[in-house]
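Please see the structure below; I have some questions.
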Amino acid sequence: MSAPNRNWPAFHVPVDRSGGVRAHPTAITVRARKAEDPGTLDAAWLRELCTAAGADDVGFVALDTPGLEGERDYVLEAMPGTRSLIALCVRTSRDNLRSRSVSVGNRDVATTSEILHEAARHICLELQRRGVRALYPATGFPMEVQRYPGRSWVVSHKLVAVAAGLGHLGVHRNLIHPRFGNFLVLGTILLDAPVTEYSRPLGWNPCVGCNLCVVACPVGAIHADGSFDVDACSTHNNNHDLSSFAGWVEDIADSRDAADYRRRVTPGETISRWQSLSFSPQYRSGYCVAVCPAGTDVIGPFLADQEQHEREFLVPLQEKPEYVYVEPESDAEHYVQEHFPHKTIRHARRSDVPAPELDAAPAPESE
Ligand code: B12
Ligand code: SF4
């Protein structure tokens, strides 16, 4: 027999509603404070706040900046009233990302992402204390994945970073910072206040057009003309996530017994998925980032001896025997057969995820 409320009355401390909300002690305290209008944020002060919090570089843009039209509905959905955006970046440990041991690169991507989240959170709390509304979406995951296979990201950090002058996209479509190159994690903060001075896009592109990213990619996703095969990249690199994860679950469900499961999924693949689930998503390659020599902090040894750069950072990735995940009969499959015959082709099982029935995209102008 249950005995509701025997020890706890409906209200442990009764709420006094006699004077309405305006007479409530909270309302009286807040009214007694001097109302401060945070007004327009001083750009120099904001820059100092961001760099002191741990950002390696930062820029500011108004939400209505040309180039960000596609971001508007998503941003206003996340925080109605957003007026400006902070683009920020934190450097990664270059040699982690260049390592043939992909786990070493993944460790640093995850660590740097958390450092950026912590910096962004610190900035948001300081702005909140000053009466400015501010929020930071994740650098990558978690995202609004219920919208997959539609757009799941809240804001495109690359587009905001370009508009805010942090760099330009290289042939590999990653942002290249003029100093740090592509060895960074990007983030964005949404603000409901304007900033005294906005940044402008960089007048030149730090990409040097060497095309090392083109020849490093194991699935041929990056083309020298700047076009990009999203499907080839995500089928291989994101083999633990999204539709590939759903496909793995279906492989388990379809297996008659352990032997049948092993015919579909190797023990190494099972263990690898355990690692992704336990620690952080394990990308299979970020080879386009690893080999990129662009950026004044990075390019010195490449300029001194390009062949040495390739021997150290490109060739080990090209020669590495590894599983490469492709769709059967895709361009990516033919590319691996032709360029990397020593790598082992695996046909990824990807679940066919239907478009979501609910909340597939923001309502336009949700301001
Ligand atoms: C979606 C996404 C992906 C997708 C698509 C990549 C892409 N080019 O759009 C996949 C899974 C393939 C991917 C892979 C990688 N990503 Co990623 N990814 C993102 C994400 C969430 C949004 C990217 C974005 O803005 N796309 C829109 C525009 C700007 O991209 P675009 O290149 O101009 O155009 C392509 C897309 O629009 C695509 N497209 C069009 N419609 C749709 C719809 C869907 C559903 C998808 C998936 C794509 C897509 O087609 C265009 C290609 O021609 C951001 C995080 C974020 N919230 O911003 C990280 C981000 C871009 N990724 C990043 C990284 C590092 C990677 C990887 C190296 C993974 C790794 N190992 O770490 C690879 C590199 C692939 C590459 N060369 O581009 C970094 C880039 C840092 C930098 N220096 O720029 C980001 C910014 C994460 C971060 N916070 O630092 N990524
Ligand atoms: S590897 Fe070379 S071509 Fe590719 S993005 Fe970097 S500088 Fe540009």
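Keep in mind that glycine also has a Cβ here, set from the backbone N, Cα and C atoms.
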Which one of these stretches, 93-117, 343-367, shows up in TrEMBL as region 'Disordered'?
343-367
Same chain only, please: residues at least 6 beyond the ends of the domain '4Fe-4S ferredoxin-type' (199-227) with a C-beta under 8 Å from a C-beta of the stretch. Say none if there are none.
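Long-range Cβ neighbours of the domain '4Fe-4S ferredoxin-type' (199-227): 59-61, 67, 87, 162-173, 176-178, 181, 233, 235-236, 285, 287-288, 290-295, 299, 302, 306, 310, 314, 317-318, 322, 324, 326, 331-332, 335-336, 339-340, 343.
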So how many of the residues in the region 'Disordered' (343-367) end up helix, strand or coil by DSSP?
0 helix, 4 strand, 21 coil
What is the number of residues in the domain '4Fe-4S ferredoxin-type' (199-227) that are helix, strand and coil, as DSSP sees it?
5 helix, 1 strand, 23 coil
